[in-house]
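For reference, the structure discussed in these notes is given below.
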Amino acid sequence: MSKQILILPGDGIGPEIMAEAVKVLKRIDAQHGLGFQLVYDELGGTAYDKYGSPLADETLERARGADAVLLGAVGGPQWDTIDPALRPERGLLKIRSQLGLFANLRPALLYPQLADASTLKPEVVAGLDLLILRELTGGIYFGQPRGNRTLDNGERQAYDTLPYSESEIRRIAKAGFDMARLRGKKLCSVDKANVLASSQLWRAVVEEVAKDYPDIALSHMYVDNAAMQLVRAPKQFDVIVTDNMFGDILSDQASMLTGSIGMLPSASLDANSKGMYEPCHGSAPDIAGKGIANPLATILSVAMMLRYTFARATAADAIEHAVGKVLDQGLRTADIWSEGTTKVGTVAMGDAVVAAL
């Protein structure tokens, strides 16, 4: 029986990078006889333009029925002035929560060919390979109450709420320990337990879960220190587990250790490893339509999809090796280009990866 993948190109550079990822997916499908069925729909700004909503009900049903979802990127300035509840990003938050995608995997891996692209000294980042596991469906982005009000003195005030339940923390902590077991057996839990009540519960529950993983070395770190340590000595980390907002910030920071966010894939998984896969970068409306966007993060997201949802590690390895081969050939999109390498566009980079397969 064929496996169904829902393709959501999204906004900005999304359709351009998705076209290259789909080329790679079709080639790997043909080579390995995977039998994927691809279904297309809209999410974000393009969905708002087409359906009047950033996530249409029928799109959500297609996502529920699919085995995996592959997303480009959402957002753009043309939707900045619409009702906040209908902005592209709300569609992304809704599909994550409705599909129960609570675990966001964001690797920060430095390809040796791109060591010069990092703004840090080569000796600080050489060999970097860490994974940030971000809780994705709780915390301050979803917490209620939230809103705006006018105080008695006429001053405007805005407020948000940062709640976490024991069960939400337990399941992401367990996922963190499981990932650490597959990697270097080190887990660092990042919180702000010196100030936040939610972080105090977070730390307590992580400690409880740790009792089931005696083989994993657990450490705790405050988020401000973690941000500093990521720049000072990033190779001390193997797996970092943290809440929604801290993970959002730290994973973007970690991405630049590698030289370009255009290289980094991500996976968002439910309890059964059904997932949505997308590049870590945004929709980059400033370069949309110019044919210069880096498709490698989206292509590597396909590899993550094959690995985590479909358990096809050999096919995933083939894509990752093909990306390495293309970098060995000196091909670079503008964001990772340096003197002595060959600058290519989005389509040429996608074609090169297909050829390397």
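Every residue, even glycine, has its Cβ placed from backbone N, Cα and C.
Site annotation (Swiss-Prot, ligand substrate) includes R96, R106, D224; from R64, R134, R203, the additional listed residue is R134.
The candidate set comprises the binding-site residues G76, P84, P88. Of these, P88 has the most other Cβ atoms within 10 Å.
Checked against D224 (substrate binding site) by C-alpha proximity, the recorded positions G76, Y141, A284, A288 yield Y141 as the nearest. The DSSP secondary structure for A288 (NAD(+) binding site) is coil.
With respect to their backbone Cα atoms, R106 (substrate binding site) and D252 (Mg(2+) binding site) stand 9 Å from each other.
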